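A.B. asks: Take a look at the following structure, please.
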């Protein structure tokens with residue numbers, strides 16, 4: 001099981017990487033200002049960090065191992081992104097002054113990006129931590 005410190009490091013690094021990629025991309029794709037998209041991205045990121053902590057703690061209880069299969073990783077990622085989509089959809093529509101359908105397509109595009117990003121990030125993070133733990137055990 002992961003420690004609270006490890007969970008916080010995991011979440012913070014994930015969100016920083018996501019903000020660095022998503023904010024300029026969203027600005028370019030939507031035509032909204034960098035500041036407007038940056039505030040929205042930061043708000044969603046803050047919520048996502050809290051949800052990430054809760055979701056991964058639940059997932060660790062359901063699948064209590066560091067060596068997860070690809071199917072387990074995909075399930076972990078999909079469940080997380082679905083939770084984000086349900087909560088952020090009305091916020092994105094309101095903030096950008098767009099309809100729910102347009103907000104859905106925007107959220108869906110970013111959800112697909114983050115599913116791939118999360119799969120790569122989580123797998124890499126676990127490998128790095130596992131190697132560190134193996135070295136410390138020697």
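Every residue gets a Cβ built from N, Cα and C, even glycine.
TrEMBL: automatically predicted annotations, no manual curation.
This is the feature table in TrEMBL:
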type	residues	note
DOMAIN	2-64	domain 'Chlorhexidine efflux transporter'
DOMAIN	68-131	domain 'Chlorhexidine efflux transporter'
TRANSMEM	12-31	transmembrane segment
TRANSMEM	37-56	transmembrane segment
TRANSMEM	77-96	transmembrane segment
TRANSMEM	108-125	transmembrane segment
A.B. asks: Work out, from DSSP, the number of helix, strand and coil residues along the domain 'Chlorhexidine efflux transporter' (2-64).
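C.D. replies: The counts are 56 helix, 0 strand, 7 coil.
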A.B. asks: Mind looking up the mean pLDDT for the domain 'Chlorhexidine efflux transporter' (68-131) in the predicted model?
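C.D. replies: A mean pLDDT of 89 is what the model gives the domain 'Chlorhexidine efflux transporter' (68-131).
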A.B. asks: Run through the domain 'Chlorhexidine efflux transporter' (68-131) and tell me, per DSSP, how many residues are helix, strand and coil.
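C.D. replies: Each residue of the domain 'Chlorhexidine efflux transporter' (68-131) counted once, the result is 59 helix, 0 strand, 5 coil.
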